Amino acid sequence: MIRRNWLPLAVLAALALAPVAGFASSYETTLMARIMILAMAAVSLSFLVGGAGLASLGHAAAVGVGAYAVVVLDAQGVTEAAIVLPVAIVAAALFSLLTGAIAIRTSGVHFIMITLAFGQMAFFTASSLSAYGGDDGYTLYSRTEVAGARLLENRLAFHYIVLGALALTWAVCAMLLASRFGRVLRAARENAQRVEAIGLAPYPFRLTAYVIAGAIAGVAGVLLANATEFVSPAILSWQRSGELLFMVILGGIGRLWGAMLGAVVFVLLETWLAEITPHWRMIFGPLLVIAVLTMRNGLSGLVHRRHG
Amino acid sequence: MAEPLLRLTGLRKHYGGLAVTDGVSLDVRPGEIHAVIGPNGAGKTTLIHEITGVVLPDSGRIDFAGRDITRLSLPRRARAGLARSFQITSIVAGFSALENVALAAQARDGSSFRFFRPAASERALNDAAMAALGEVGLGDRAAVPAGALSHGEKRALELAIALATQPRLLLLDEPLAGAGPEETERLVALLTRLKARYTILLVEHDMQAVFALADRISVLVYGRVIATGSVAEIRGNAEVRAAYLGEDDA
Amino acid sequence: MTTQLLLVQALNGLQLGILLFLVAAGLTLVFGVMDFINLAHGVQYMLGAYLGASLAAATGSFWWGLLLALPAALLAGLLLEVLVFRHLYVRDHLSQVLATFGVILFLNQGVKLVWGAAPLESPIPALLEGGVEIMPGLQYPLYRIAVLGAGIVTAGGLWWLVERTRAGMLVRAGATNAPMVSALGIDINRLFTMVFAFGAMLAGFAGVLAGPIFSVEPGMGDNVLILAFVVIVIGGIGSIRGAFIAALLVGLIDTLGKSLMPDLMRLFLDASSARQTGAALASMLVYVAMAAILAFRPAGLFPVRA
């Protein structure tokens, strides 16, 4: 277990030690929070893509639903985590259930396009919610409270809560993939015909996976809203979905922790390039193309190969 | 005589103007190997698709174990006890041989909506899978990735998968297709062993194997069953010989 | 809502539909023939708009702009095909999605670098200024009518090209059975390149036409791309006829929905919540329609592959 997963464990350990090792400035913790939250969303997407074979191009929408749950409740004066979190999870799961029920009836490229379209639907809906800022977004003046305490305002506490959420996401997704449920998913990804021939219909398994991944993305959305204290429709734009998918591919499909690695590299690269030039996307875009054309198994594939 | 396990009544399927199965009726009795043979284009593949539920017949009905399954979905038929092998081997190549069979055992053993326990550590599933692997002679290949098995081993693995679902009927779609002479010999021996315990509907091109294995044979030509009978009866049937004239009688 | 307004909105919807068709046509052919999912098709529309607007400004004539923008868009498509897309045909859809996503990032930003982030002016050509009285007392912009006409003529030409010419026959055959076409001794790669460049030019053409109506700005292709995806999914991937019908449908639903929904909601809600709920519902309408159609016909209205 530890030998096989030394790299992701090392990443988690580094994130755990970073604040005590002197990386505790607002800039540094903000950057790390962004990495960890996106990693969480990416791991849940990797569970879908690598585990269930569902390449969703609308995963950011579920993140956005979670973030907007925070906004909507905040506008009603509700900031208690005990309410916010369940509402966000249920909302994101419900969104995934409704869209997934239709999307999963299709496969391959249809699935990619339909998840993309549903993601856009969420985006435009968020843009038209003028009560919550519409296009301009909504500023949260206080973070979500935990049992009435302003725990998340504390930089360190927030860091470790996000880290815990990420570790938990990884553990839960890994557990699911190893379970009976996950075994059916993995088998159906490779050979749905075989799974049907032994008496199992893949659809309910895939839909369940889709809903679970959506719920996790919803939690990531709550954390993201709290990290940035600002939510706009951009959070669920299809470009965000594309970026999440890129983290998964960059890290390597088929290894959950690859997505974590992908998120780290993605955010650091993006941050670094953005400091060099405002037109960093002109470098980033071609890098993406090159990465796709040259790396077939992602970063975790490279690591895996070297360590046999 | 015992009630047939599987009974097809007047299965008809048209594609455009072409009747691919044109009123096929046949039955499979408990304990027998019933072989379906026929020249290419006779409608064997479509017949299998109708029985397994890949395509729905335009008319006719399918009774299995005393129950009308004509309109049941594919997985439901499988759960009712209809296990199949595919003409082109269908296994999960990325799984080990053991996990392939354990998956089938899992499908048999209640709900697969279990989220917590690692499936690989479920003794009952692994034991059932090992038993099925042993039955087809793959006991010592359990840990090998299924994709890395030889062609003959893959065919045997597919049988083990079918057996692990504890089926009432095995539907074998050309189990010998693509097998070399040695592999064929081994697979025929394996099928002979299974014959004692399972009811089998066998669709096969290899006449020698069919004559060696089958209790009864139905001959399908242009979507119709032109004869059903024992091996001796079919060998002596003039109409069957005529249908196969010019065919390479392998 | 008066009949007059309804008529104007219906015309606007048709004209959006026509533009969507021009974009979707290339997308559906490229996907149908090459099994290639090209997210960057939307930026080719954007590129067309930018090229049209800036070439028009440089030459002082919309018409010269249009005339020069078309081959420029074609060239851009060829360049992208050779540099990037060609290497992706054999890859899985996921790789195609990501690599073409990279192209979008590059071009959206590249446009900002060259032309700036502010929207670009794209004036209506003098010849087509003003309006036409389509009903007593009802003026409709001449330019929009011209766009509608140009789109319909192009659609007709495209139909002729695909249904009646040898090249079109090969494209259709390629969409149903690519191996067969290459077995006939046709250089399938050259066919791919041609279809690709042609699709890019159509998208560019749509961009030039759209310039004076919508704002020419970075990212303008992204929304059009997604609507075009909805169009080809509804129409059946690879089907030109399906794309045409679905494009008009989507254009009408989107435009009419946005103008009618808030009014409809006023039957149930007060003015301000009606406006908001109506707008939210209207923006969902196209996707709901897609979902409804797919629920009954998972392969779209006119599936190409049986």
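Cβ atoms here come from the backbone N, Cα and C positions, even for glycine.
Worth saying up front: this structure is predicted, and the values here are computed from it rather than measured.
Feature annotations, courtesy of TrEMBL:
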{"type": "TRANSMEM", "residues": "C:6-29", "note": "transmembrane segment"}
{"type": "TRANSMEM", "residues": "C:36-56", "note": "transmembrane segment"}
{"type": "TRANSMEM", "residues": "C:62-85", "note": "transmembrane segment"}
{"type": "TRANSMEM", "residues": "C:97-118", "note": "transmembrane segment"}
{"type": "TRANSMEM", "residues": "C:142-162", "note": "transmembrane segment"}
{"type": "TRANSMEM", "residues": "C:191-214", "note": "transmembrane segment"}
{"type": "TRANSMEM", "residues": "C:226-256", "note": "transmembrane segment"}
{"type": "TRANSMEM", "residues": "C:277-296", "note": "transmembrane segment"}
Segment proximity, the transmembrane segment (C:62-85) to the transmembrane segment (C:191-214), 3 or more C-beta pairs under 8 Å: yes
Stretch with greatest number of CB pairs under 8 Å, the transmembrane segment (C:97-118) reference, C:36-56, C:62-85, C:142-162, C:226-256, C:277-296 candidates: C:36-56
Ranked first among C:142-162, C:226-256, C:277-296 for CB pairs under 8 angstroms with the transmembrane segment (C:36-56): C:226-256
Close approaches to the transmembrane segment (C:226-256) from elsewhere in its chain (Cβ under 8 angstroms; 6 or more beyond its ends): 6, 9-10, 12-21, 23-25, 27-29, 31-33, 41-42, 155, 158-159, 162, 175-176, 282, 285-287, 289-290, 293-294, 299-305
